[in-house]
Amino acid sequence: MSASWTIGSQNQTSELKNYSLPGIISYLSEHCKSIEIERTHWLVEKKQLTEKVAQLEGENKSQDNIIKDLTRRIKMLEYSLRQERIKYAKLTGGHHRVNSDVITSILSRDEKNGEGSANAPPKHKTRAHRQLLSKYLQELGLDDIFSGDLPPRPSLTHHRSSKSYGSGIQALIEPPEVENKPIPKPEPVKSSSIIEEKSKRLWELKATLKSHMDGVRSVYFAPKNGILATSSEDCVIKLWDISNYESLNESSFFEPYFTLRGHKGPIFCSTGNQIGNEQMLYTAGKEGNIRVWDLRPSNEIDTYSPGPDRGCCVGVWASHNEPVWDLQHHPVDNLLLSVSSDGVTKLWKTIDSRTSIENWVEGRASSNLLKNYTFPISDDDFHTPTCCAWIMTELNSFVVGYTSPFLNIYDNQTGKPTIIKFVKEQNAPLATYQINSIVTDPNHSLAVSGHEDKHIRFFDLNSCTCIKDLVGHTESVSSLLMDKYGNYVISGGHDGSLRFWDMRNYQCLHEIPAHRKKYDEGVFSIAQHQNLPILASGGADSLVKLYNMSEE
């Protein structure tokens, strides 16, 4: 027994000799590392499960909101149907006070008439069925198709302002009131007060122009000669002959008759005017220079002649140090506005091609610059002008939009600014409300602006206040266009769609999916011909689309 104890003690002594202080420390450190790795895995798994729980809770909450919204809409529809039935009961019963008892009595009367007509001659039975069918058609909101003894339906056309397109919910919440007076014969309503279906404008795709290699930033219709100029980020300007646009269709093979080259960077904007018999075009972009072109119709240009013989550039104006974002020519005078990233809005005097060439040759690049306008408030934020427009009711003034929630109205003679601030939130970043496009009403002191936050805002320039705020696009609003009568506004957004708004009731008439998105950009520019029913849009998908206006 003593021998076995001696052998066991020797084994323990040998095992103890194998352990050392560095080995123990190494073992403990490895064990701590394994514990930390397991703890890290556990934390990662816990975070994933927490995120999954939060996602499921969010989905559950969104489903609850959808159910509540659908329930609310169903109640609105039920309420509207009850109001229609009450209105019908009042028209057929002639009572001044209508309640559910009246409805019950009328329905029971119809049933009795139906039962009594079972034994009647076939003629009376058919008449009763026609009256019952007319009643059902009226409840569904359809026009009468039978000429019976039922009273005529009154003209109940209502148009209310709305903050978003396609909003018919307000009409369900506020049912039309029916007066207790005898129903007069409906009279025709003038189209100047409300929208009639006969005068509703619809735009249908006419042709797609494919020639640019990059996004089309600007489109411009020349007033004469049937010229469409498209400017792109591929640094070129293409001229299209649209004098025979009526013969175009979606399958037409249509190419530009001339390409203008000279810019060394992407082109962002273009505008034009007519001086005498010359049709001038002004373009600018990333390089900061404004190039002046003499537009010639297709019958005056030989596309395949040598380059120097067909050059159209008649001048280069150099004054901006950074990219130019917008150009707007005065509707009457020979004046041009340009806004740039350098924070300056410049007023230029436009001249004929001969004088422009002389200044260009002699190196006087900014000889026709008249004035510079800068943001009147000096604060920590840099307010970059992004767009501008002449005020059509006061042609000596123009309005400028910025990357911040400000509009400035300038007098081009005195240079005195008037500041309009339209957002009162203090914590929101200024770039959220960047103005991408602005147009003015030809008949009223009204400006319409499209913003980065998907809103379209209407401003009264007399009171310097925002009077309406619309939301329709799912992405930022990039371009705006107002027709020459001031009745409609066309908006383009980076969601790739065009929306047509009625200025008289602030409602969206219809929507067109115009361009495909590219790098989160959709529609860049829209323009309408001054005399022809043609609309053009340029997008990030390098396409130019022509639409023909029709009325229904």
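Cβ atoms are placed via backbone N, Cα and C, with glycine included.
The coiled coil feature in TrEMBL is assigned to 46-87.
The feature domain 'Striatin N-terminal' is assigned by TrEMBL to 20-145. Within the model, the domain 'Striatin N-terminal' (20-145) shows a mean pLDDT value of 72, rounded to a whole number.
Taken from TrEMBL, the feature region 'Disordered' applies to 106-127.
Marked as repeat 'WD' by TrEMBL: 209-250 (among others). Secondary structure counts, DSSP: the repeat 'WD' (209-250) has 3 helix, 20 strand, 19 coil.
Tertiary proximity for the repeat 'WD' (260-303) is limited to same-chain residues at least six positions away from its ends with a CB under 8 Å from its CB atoms, namely 214, 217-220, 222-227, 229, 231-239, 241, 309-310, 312-318, 320-330, 334, 336, 338, 340, 342, 348, 350-353, 356. Taken from TrEMBL, the feature repeat 'WD' applies to 260-303 (among others).
The repeat 'WD' feature in TrEMBL is assigned to 317-358 (among others).
Residues or ranges marked as repeat 'WD' in TrEMBL: 470-511 (among others).
Helix, strand and coil content of the repeat 'WD' (260-303), in residues and according to DSSP, is 3 helix, 26 strand, 15 coil. For the repeat 'WD' (470-511), residue counts in helix, strand and coil come to 0 helix, 25 strand, 17 coil, using DSSP.
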